[in-house]
Amino acid sequence: MGFYIKDLHRQIKQKHSTPNKSKIMTTYRGQVMANAEFEKLKNSIGSLIAFNSFLSTTTSSVEAILYAESAQVDPQLVGIIFQMEIDPSILTIPFVSLSDVDDIPFCQNEILFSMHTVFRINAIEQITNYLWSVDLALTTNTDDQLQRMTQRLRKEIEGQNPLHRLGNLLIQMGEFDKAEEIFRTLLETTSNVDLEQIVSFYNQLGCICKEKGNFSSALSYHQKALEIQQKIAVPNHSVLANIYNNIGEVHRLMGEYSTALLCYQKTLIIGQEFVTFDSPMLAIIYNNISQVYNLMGDYSAALSYLQKTLEIQEKNFPLNDPNLITKYNNADQSDGSLGENSVASLNLQQVSEIQEKVIPFKNPDLAATYENIARMHYAMGEYSTALSHHQKAFEIRQKSLTSDHPLLAITHNNIGQVHYAMGECSTGLLHHQRALEIQQKSLPLNHPDLAATHNHIGRVYDSMGNYSTALSHLKKTLEIQKESLPPHHPDLATTYENIGRVHYAMREYSVALSHHQMALEIRQKSLMSDHPVLAITHNNIGQVHYAMGEYSTALLHHQRALEIQQKSLPSSHPDLAMTYNNIGEIYVGMIDYLNAIRYYKRTLKIQQVAFPSDHPLLAITYNNIGRVHELREHYSDALFNYEKVLRIQQKALPSKHPSLATIYNSIAEMHRMTGDYSSSLLYHENTLEIQTKSLPPNHLSLAERHHQIAVVLEGLHRYNEAAEHASCALNIIRHSFEPKQSQVEKYQKYLDEILLIPECSKLIKANNINEWTYPFLLVLHPSHQSRLHSILFDLTDGHLMPPSLSHECLTKLESNKQVKSIVLETLSDSVDERDRVLKDFSSVDHIESIYLLGKPPEMSEQRYSFFTSFRKVSIFCENEEELAVRWALDTANEFRRLGGQCAEAGNIDSAREYFQRGKELYKRLAKIIDQARSQTS
């Protein structure tokens, strides 16, 4: 096949080299293309396109249209007619008219181009719904854009022979396993006397192992290259400097920053001996040293070396040269660590100006630029802008890389982090999981990048409250890191801290504390004593001690964090604000409110400088200040701060977001405390509306909201409404799965007091008599939020006995003899357990009916035997609505019967009460049936 391709190319080239004075002609090619591919093509006007095989075209537009029209049968395809203007006098692009070839019949209109012919996309126009015209212009070897691309590719894959160049190309493609195989072959087949080549191959193998995350092998290969290079009689200083630079890079990735710095400094000493002071090579070395100082927390030294990098680059390249972009991007990263966003923003502006002048939008180099710009916006809390830049980077990389290239995984992780910061955990999780899929295909199982992705996924699950899954991913992170990193690598400390945070959220404080202490131990060994990251660890430890009630110990750690940050960070850095906030929290716990407000105000002062006025962190701080004013009984000051919280959250959150309910409630209580009951009622009703939609019907928070509304209504002298809400509060808390007896007694006492008020109507009082005449819901499983319970709760307007286990139910029934029916929900497949429970409750004298939800016996004989054994079972079915309707009808009829008996006996008040209950039950039943019908339709 290779011989045939080579021969065909040679013949086309030979035929084309014959002098041809033909006029400029137009050729066409019709084909179909997937919609997704065509979308990429539409976004590439002005770019180059290459056909990687021999390209057959025709001078007949009709023939081209016939090929393209096949797209109309499939909506997923689009027809393309490529229209190409050809100048036969250009000899650098070989093509041939097959009409000139004697032994090829029926090809009089066909023009055949050789492989890898390159065109420029000039225009794209729509012809019909499914047919498009793409105008292409043939390029020449003198085309400026093509020349720059070719020179760059040649430089990136240059080598002594084709196999060497192939290895370099595979590295650029991210095919590290194949590249490693080629360089091993080159090493084995190279003569032992060719030491320079052997040094080059060892060096490349080291770089490949570094990319694969195999740092120990990478160091071994680079060390071999160094040993051989030092033995060469006349060593190549540039090669020696490159080897030291590569060794430094591996140590940097291993977290061994001091060793990395020594290697980079050796590189610098060697470089200064054989290059001028403004050589681009020195710029690279200065930049690497800057990065290490940045990681070590010595930001002044980092900026000093970075400035030297920029000075050299600006001397060697004009301001609009793309080579400056990488340096400006590195400046952004260093300034981001320092918290000096103004300097970074200036650099970003310079990057943008350079991009617009000299770099086409689809150039792969722009992906790194966009990602660094995105990181800066992310650090500034501008998440939407950050997301748009990450998505631009993703778009570029999708077009220039294979679908499973590791760089795509990095971009997915970046996008996932932004969504996570925006509170869009599910979307963030999808991107992190896609990153994991790519990395599992393209990287070794112990690669550090896989650990980073597991870490991201663990953090998202932590935020979603799925702590067991979070721990699973974080432990996988730890497992990979222990295998691939040195024992005191900073990334290990980060993972220990993340695991500690999950245990903290699970209230496993001692376990959380041990992980944060392990993180501290690692960081104290690998970082300077005043590194800002140490402050973060001290803050984490302080928070755990605070949660354990150990305020003095917590305060010591937060104060140590503050000392570190005041030495290493600018006075307006956001991390300082976080520490001030933590200290404020401790003073609240110690009931030292004046100091608490003092530190919260310091937090606020920094945040007002560092963030936009509607940043979510400002809302948290205003809320903290308001809470302290509330504790000090300075209700007007508290209200002022809570209203600022509300303004920020209303901009950032949907109108019915659960977080808004919290601040509505705080504002409502402050209005109540200042005597503004009307405003208080308005905010409490907003709170109740949101929480009713977002919480289960027996949630304790709903009981608290109804109680608060009752208190406000009492203040407004609306006693009937107050009694209704007080009754709701009492019923909800009694139906909660973990009712607090003290709260039950509090709500009962309040309701009794309301009912004693003369203005409270008799109807309200009557509605609270015999409140437990509705059924007892029995479950064979603890803490089960069932659909049946929700239906019955609505039917009874909350007058439903709380769900209980069988032994609890029997005990409660002894003091509730007015309960006539039980609803039994079987969550167990055990027939013996079900029958045992039924036997126990059938023996209770005042229980007249049992409504059983579960799978009834299938055989008629078995059903007959069951209902004979348990005569109190009224219905046994699998459908919740059917069972609830049956119970409601039976109970409503029973109320009518009891009402009739009371009327006959002359007890008119009791008769009215029973008839009213039956009527209300019918109404609620009709409402639920209507809702079910509307949902079905």
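Every residue, even glycine, has its Cβ placed from backbone N, Cα and C.
Values in this document were obtained by computation on a predicted structure and should not be read as measured data.
Listed in TrEMBL for this protein:
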type   : residues : note
REPEAT : 160-193  : repeat 'TPR'
REPEAT : 199-232  : repeat 'TPR'
REPEAT : 241-274  : repeat 'TPR'
REPEAT : 283-316  : repeat 'TPR'
REPEAT : 367-400  : repeat 'TPR'
REPEAT : 451-484  : repeat 'TPR'
REPEAT : 493-526  : repeat 'TPR'
REPEAT : 535-568  : repeat 'TPR'
REPEAT : 577-610  : repeat 'TPR'
REPEAT : 619-652  : repeat 'TPR'
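Confidence in the repeat 'TPR' (493-526), given as mean pLDDT, stands at 92.
The repeat 'TPR' (199-232): residue composition by secondary structure is 30 helix, 0 strand, 4 coil, according to DSSP.
Under DSSP, residues within the repeat 'TPR' (160-193) fall into helix, strand and coil as 25 helix, 0 strand, 9 coil. Residues of the repeat 'TPR' (367-400) grouped by DSSP class, helix first, strand second and coil last, total 31 helix, 0 strand, 3 coil. Counting residues per DSSP class in helix, strand and coil order gives 31 helix, 0 strand, 3 coil for the repeat 'TPR' (535-568).
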